[in-house]
Amino acid sequence: VGFKAGVKDYRLNYYTPDYQTKETDILAAFRMTPQPGVPPEEAGAAVAAESSTGTWTTVWTDGLTSLDRYKGRCYDLEAVPGEENQYIAYVAYPLDLFEEGSVTNLFTSIVGNVFGFKALRALRLEDLRIPPAYSKTFQGPPHGIQVERDKLNKYGRPLLGCTIKPKLGLSAKNYGRAVYECLRGGLDFTKDDENVNSQPFMRWRDRFLFVAEALYKSQAETGEIKGHYLNATAGTCEEMLKRAEFARELGAPIVMHDYLTGGFTANTTLAHYCRDNGLLLHIHRAMHAVIDRQKNHGMHFRVLAKALRLSGGDHIHAGTVVGKLEGERQVTLGFVDLLRDDYIEKDRSRGIYFTQDWVSLPGVLPVASGGIHVWHXPALTEIFGDDSVLQFGGGTLGHPWGNAPGAVANRVALEACVQARNEGRDLAREGNEVIREATK
């Protein structure tokens, strides 16, 4: 009784412009490009329906639950200025649609099948508001910024890193030697490249051993705590944990994971292991551009960054603003703040669609990496501030005198920039002069 079969417009149930969002709702901002002839209200409602409780037709089992309680709602639409037939659709999802502590489940719903939907030419998730009621169900980063500084005993400046190159092809012994040279020269960290896992020319266990030797030797010589991001990414979760465990047994302070290729389930598993065992966790974002590079389809990196803060990681690559990889300055700074700060106000000029309150979830250090070198140090110090990791790969190893002098050059330049900034000098204007003085 009361059930009427047939296909209905989504907007009859899922477009609700008078809906008042709740504190506990997960809010999403989608950039939609509807197919010609599809009204934006229908497209927005379709997104809300297909990413929550809806399907293409009315089904009798709808009567067995309270759809009003569980459905996603498109509660606002705005045309994108300067773009033809593009709209921002705001969708509110009730909290009960999602499993607690699972980024995997969150993404399966919100960025699942709906992205292949016929009524849309393109769809991009621009931002998500994660309410405290949901974020409190996650452990988040294993340690966070303050605990990391305390573990490393390094304060008042950005941390320095370097990716060992050539990224593939070195033997474990030569790899360890390159690590030692860089750390001895003054870097805080060296890094496995994201595609170094356990290949025929260098098996993971051999690499871990020679790197541990380099760590202990450079620590003894410099009196500073040193780290190398040992990449634990593997084909199975069990193998990944085996590698992390061996790193812990060797006394290494930090391991690494490729969180998008490894997957959120594996990443969250590793983040829990790292907190339980006192390891820091460095996150690389290989594959992100497949998802975030198109301006009208996919997902913005700020969403992937928020997802990582929930899933867990102490460092994450965040572009550079100045190097070889793409990144717009204000927008990059927007998601850098979303990674580090506890409370971030809505600010559309920086691409932040919602005010985000992380409550007590620890912060993540943004890593600037990709085509940067010594002459970028003033700009990077100014843009990223102290709570960041600056990673010069070719910018260290490409030094004409070798790795250790390259590392010395980076450390000297960084300390000169930090000192000049602390003395009130204008790095944007005087940066090159500051570095020239430091080299004398």
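From the backbone N, Cα and C atoms, a Cβ is placed for every residue, glycine too.
Annotated substrate-binding residues in Swiss-Prot are Asn113, Thr163, Lys167, Arg285, Ser369, and among His228, His317 the one listed with them is His317. On a Cα basis, Glu194 (Mg(2+) binding site) lies 11 Å away from Lys165 (active site, proton acceptor). The residues near the Mg(2+) site, meaning same-chain residues not in Lys191, Asp193, Glu194 whose C-beta sits within 8 angstroms of the mean position of the site's C-beta atoms, are Thr163, Ile164, Lys167, Asp192, Asn195, Val196, Tyr229, Asn231, Met256, His284, in sequence order.
Here the candidates are the recorded positions Lys4, Lys191, Asp193, His284. The one whose C-alpha lies nearest to that of His317 (substrate binding site) is His284. There are 22 other Cβ atoms within 10 Å of the Cβ belonging to His317 (substrate binding site). Ranked by CA distance from His284 (active site, proton acceptor), the recorded positions Lys4, Glu194, Ser369 have Glu194 at the top as the closest. Residue pairs drawn from Asn113, Thr163, Lys167, Arg285, His317, Ser369, the listed substrate binders, are separated by up to 37 Å at the Cα level.
Using a 10 Å Cα-Cα cut-off around Thr163 (substrate binding site), the recorded positions Lys4, Lys191, Asp193, Glu194 reduce to Lys191, Asp193, Glu194.
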